[in-house]
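The domain 'Transglutaminase-like' feature in TrEMBL is assigned to 268-360. Per TrEMBL, active site is recorded for C276, H334, D357.
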Amino acid sequence: MDEFKVRTVDLQQVQTQPRHKTDGLSSSTLVLRRGQAFTVTINYDGRPFDPLKEKLIFRIVLGPIAVEVPVSRFGQPSLTQWTAVLERSVPNPTGPRALSVTLSSPATASIGVYTLQLRVEARLSVKTHLLGQFTLLCNPWCQADSVFLQSEDLRTEYVKSDIGLLFKGSPGNIVSRPWSFDQYEKGILDICMKLLQLSPQYQADMGKDLLNCSNPVYIGRVISAMVNSNDDKGVLMGNWSGDYNGGVNPSKWSGSADILRMWSETQFRPVKYGQCWVFAAVMCTVMRALGIPTRVVTNFNSAHDTDGNMTIEEYYNEKGEKLSMSRDSIWNFHVWVESWMRRPDLGQGYDGWQVLDPTPQEMSGEMFRCGPAAVTAIYERRVDAQYDVPFVYAAVNGNVHRVIVKNGKVLSTSIDKNRVGALICTKHPGSMHMQDITSEYKTEMDDSTVHTLSTDVRRGEGTTGIVAPQGLAVSLQLLKAPVVGENISFNVIITNKVAVPKLLRKHVNAQNKEYNRNPTGTFWEAHGDMKIGPKETVTIQHEISFKEYMLMEAEEDSLVNLAVVIEDVKSQETVLASEEFNIRSPSLDIQVQNEYVVINTQQVATVTFTNLFSTAVSGELIVACSGLQEKIQTRLTIRPRETMRMPINFTPRMAGAKMLYASLVLMNPLTILHGFKTINVQGS
């Protein structure tokens, strides 16, 4: 009879990927999760396989690293080493014959793109067969994997889901921004694997890097640096200037696939441009694609404390204008990610959510990256715990010293202990609502506000630290959440705490603001003298018209720093109240005609927007959906008070929870509107 001769090997991609929870991920290779078995079928000709006459050895290759795995007739798949076990031999006297072999990888295997070879050693010959490649990912379903997550609902949300909400704006006027993570889009997984191979660590020492890629802590640090382009061939270039010529305004991105594809198609030149929520959303895509549970987190009033003293100084002049006198800053919001992993390097108690921040702010280990910083270590102020805990701790804690100055002299100081890290939130699992996670980062807030007497800012002399007898109190109250196109209405509330009348001087000031820095020039102000009676409270209403705050650059929400300074003319006592808020763009409404949406069946959705502006508006409408179809783009003009109803045909290509999302970029006024609708696509 003829000798045993391997004809073909079937990697059984169609059967294997659903078992490995990788079905839907688009790759040129078989996609597997570590710590889990998979079966290959060896079709052969000639006499039946005889383990006494030939040896079968699988060779598993990752870069310069290779593991030889002899096929055993007995044994069990292992979680600690590569194994290959012969399951059965299928006899077929008249035609082809087949062997079924179960291979399994250790739960600590490096993630990467492997090459699989089979060597057949007989008495007189050795033949090697190249079987193809497979991509190995982390496995949050495997208890032995360091990214194991107990709950199936959380695994669905933080690994499998490709839809998300990013939270922006201000704590009192939160904007929910739809984002499509796109990890199932064509070619995206291969691009994510390429991102690992382009890292400086891989380029410097491939073997060492590939061995380290077994550890999600290491992977997180690599990805955190590679999502920004500051010191490598990273994905995104940051731009906070307001001038986005030569690139895309960060507010116009709505999903990760466009960004990652553009990076890949331009020979890995940085994509222009990103800001914090774009960096974080792209990192979330990459980490979920690699199998590491990840969520996007917003920290409202995020401190960037440049000198590390846990104090942020803010200076105002006597007319309520905020001054750029400090290198410290408070971002109205900052967005990072948390990834779920064990931290054996920190000892017990620090497993779970870890902060990773790809926005380039500070160096960590000579590269622009941040984390992973264990959320528990941030809560406990374990500033010695790797990595970057002091930086994140300062972002969510710290006191704000608000100082009123005139001609270099400090008129008064107040301390606000609650503003920094006022709200930390993420998308709620299984719903399109917000989840408040502030208590995971910090303890209860402190209600106290301390006021101090005057000092001289030039000489540092005076009586700082002595609590002044406050005869006046002032506060600001927005009458409703501001929306682009409408006037901003607010109250100034002044209380005279003493039993004598006072003559007061009132200064109210509004300045435009970028979310990550101090405000620019004043665009609206109001000044005047007034009298207040003993123990009296006076409420004064103000209104800023739309014409006075119209935007200079298309944004999805513009930010305003509003401040009032009240001066007692006789005693020269001054008190300050300030409020930073966003002016939200109107939202688009999306309705789906048939609530029962079936895969591969054409559906109809309607995008609706009513123009409440006093003039006609024109712009570009873009509609897209995760896992559905190509984007639809159309230019349109809408007359004042007219309602646009735009029917959109779409065909879902994947089952599960999906999101239809739309954006309308208006040219007059310059603003970006968003809307989304979640749909549950049924299998056929």
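Glycine residues also receive a Cβ, built from the backbone N, Cα and C atoms like all the rest.
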Inquiry  = Counting across all protein chains present, how many other Cβ atoms fall within 10 Å of the Cβ of H334 (active site)?
reply    = 26
Task = Write down the Cα-Cα distance for C276 (active site) and H334 (active site), rounded and given in Å.
result = 6
Task = For D357 (active site), list the number of other Cβ atoms lying within 10 Å of its Cβ atom.
result = 32
Remark   = Quick note, C276 (active site): same-chain residues at least 6 apart with CB under 8 Å of its CB -> W331, F333, H334, V335, W336, T359, N516
Key: Mean of pLDDT values spanning the domain 'Transglutaminase-like' (268-360)   = 93
